[in-house]
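The feature transmembrane segment is assigned by TrEMBL to 78-98, 110-130, 151-173, 179-200, 207-227, 239-262, 269-289, 301-320, 332-352, 358-377. Look at TrEMBL and you will find 79-222, 240-372 tagged as domain 'EamA'.
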Amino acid sequence: MEKETETINIGATEASVFLPVSEDDNGNEVKVCTFSPPTSTEHPYKTYKMVEEVPEADRKGDDDDLESTSAKCACRNYFGIFWTLGSGFIFTVAGVIVKYMKNYHPLTLAAFRFQGVLLPALILAFYSHYKKKQVVFGTIWPLTDKEKLRRVLFICVRGVLGSSALILLFYSIQTLSLADALVISSCRPVFVTFIAYLWLGESCGIFPVFAALLTVVGVGVIARPPMLTGEDNFDTETLMGAGFAFVGMLTAAVSMVVLRYLRGVHVSMVTLTFGMWGTLISAIASAIIGRFDVPENAEHLVLALCLAATTFCAQVGITMAMKYEQAGAVAILRSCDSIYAFILQFLILGIVPDKFSLIGAALIISCVLMIAFRKWVSTLPEKHPARRRYWFVLK
């Protein structure tokens, strides 16, 4: 019998078959065709046997898609580190601006900076809600829901602590060098690690504790205590600046742990609340002391605007970092702020770091590499050779 051909359509795919091939026990003609997926289907008049055969080109395309997806997932594991390092650099740039505008009161500079958080966050919140149709206000409203009411309370706590820490840091920057102020602020990993362990139940193994302690050693070397420099004691201004930085560090540590708890809240709401509380506290404090400095010229006005812009970028960065990484790891990575400070001070102010700065910087960078390495090992499969070889970093 001469072969006949017939084209059938199933779904969005066409398949050509040859008729007839054979007959089954019931006398129905059975035809073989190349088709996907592998299943049997019934023609109105005849029974067809479908056999899947995926073209080589299609298999290659699927493999490429799988590799692309795996690469994206691998990069996603390091989003927290990337956001933290970027946020730290922007934050340091803002510190340089604060140090440069030393004739302005810290409360005034803080008010400028909080506007860079409040206004863009307000725009971002409405844009995300109405344009992108994201759940923004629904994460904290209605307040009749106990969980949402708890979130609102913690958002307010985070706003008060975060804004207070920033104001105290500005005071310390104007009484100490930028690098010294940020170095003292870098002590927060120790406190964040244990607070997160007690409150959030995050892991607090030997390796993170060792890295945190090593960070503190590096901070201590950079701070140049009298027992290393041979000086008799600190002067009053240095002591006050160190006190401001230390108290600000403590409040910032608690604020970072609260941020970790607020991962389910939209980033714009967290940032907006931070700007609102910061503006309110700065306004009240400025009214009490009776001082608020207005920019004197165009240069200072531009710097004030830059201070506001860098604040918003840094704040969004640290909020996003807490969504992808544990609070302790983020705090340790933020120790890079001091490294950035030394580099920018050298490039802009011409300050050359001494041996204490170099030794402390080496210790802090070592901690950053240790945390990054631990993160990489933790993302490997359980049976991966590298994970078995470096099992101790996960302890």
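Placement of Cβ uses the backbone N, Cα and C atoms for every residue, glycine included.
Contact counts against the transmembrane segment (269-289), taken as Cβ pairs under 8 Å, peak for 110-130 among the stretches 110-130, 151-173, 239-262, 358-377. Between the transmembrane segment (301-320) and the transmembrane segment (207-227), fewer than three CB pairs separated by 6 or more residues in sequence fall under 8 Å, so the two stretches do not touch. Taking Cβ pairs closer than 8 Å, the transmembrane segment (151-173) reaches residues 95, 98-99, 106-107, 109-110, 113-114, 139-140, 143, 181, 184-185, 241-242, 244-245, 247-249, 251-252, 254-255, 258-259, 261-262, 264-265, 269-270, 273-274, 276-278, 281-282, 285 in its own chain, all 6 or more past its ends.
Counting Cβ pairs closer than 8 Å and at least 6 residues apart in sequence, the transmembrane segment (239-262) and the transmembrane segment (110-130) reach fewer than three and form no contact. Note on the transmembrane segment (110-130): residues 94, 136-137, 163, 166-167, 170, 266-269, 271-272, 274-276, 278-279, 282-283, 286, 292, 304, 307-312, 315 of its chain, located 6 or more positions outside it, place their CB under 8 angstroms from a CB of the stretch. Per-stretch counts of Cβ pairs under 8 Å to the transmembrane segment (358-377) identify 207-227 as the leading one among 78-98, 179-200, 207-227, 332-352.
Within the chain carrying the transmembrane segment (78-98), a Cβ under 8 angstroms from the stretch's Cβ atoms is held by residues 106, 109, 113, 169-170, 173-174, 178, 181-182, 303, 306-307, 310-311, 313-318, 320-326, 329-330, 333-334, 336-337, 340-341, 344-345, 348, 371-372, 375, all 6 or more beyond its ends.
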